[in-house]
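Please read the structure below before turning to the comments.
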């Protein structure tokens, strides 16, 4: 496929099979909106409130961090795998129940609960604490491969999502600057998942349960938040209105 060129028109090439890709890009954007990224994309200034919403809010952060943190603390001090897993999964059950009772969006919590139960069941079945992290390693590998392949075929996944979030559709592919920015952003997100694997896979094979728990926490929300900020800065730069771009020049 030929590289995108700077053109006066922003319409995608007609000979490319765009409909399936457009549909997939729209679905990615819808998923991003449901995750709280839509409001962040609309911000002219990076709002701490919208940033927090994109991270899941206070409740979402607690649901993400606390089960893993509790597992780490209990396992480190007791070395009792079943006890650490039981309390961790119990917390996930409580968080999910609170969402159901409060009639708040529950799908993400249910997905997290299912993941926690499957991971705990695998670890209890094998008797190896490190197997509690296998599902996470597989998930990171799948994301990394998908992002890498999308870059290689010149349909970067981040670009598909951002294009529809910004109302640009697939037109960004016909703008060399925007296309390169989307490739760069996709590479950054690929780097996040690849880095997690690079650090955590050796810990898994070494049977270092505490190390896996610590790195999962440190390389989870903090790195995700940093990449969200970087993504926002790049997207706002390439989609800046002429007046805004002129105002930023010294």
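Numbers run from 1 along the shown chain.
Backbone N, Cα and C define each Cβ position, glycine as well.
According to TrEMBL, the feature compositional bias 'Basic and acidic residues' maps to 1-18. Under the heading region 'Disordered', TrEMBL lists 1-21. Here TrEMBL flags 52-75, 81-102, 109-127, 133-163, 184-205, 217-239 as transmembrane segment.
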Checklist entry - Looking at the stretches 52-75, 81-102, 109-127, 133-163, 217-239, which one shares the most CB pairs under 8 Å with the transmembrane segment (184-205)? => result 133-163
Item to check | Ranked first among 52-75, 133-163, 217-239 for CB pairs under 8 angstroms with the transmembrane segment (81-102) | outcome: 52-75
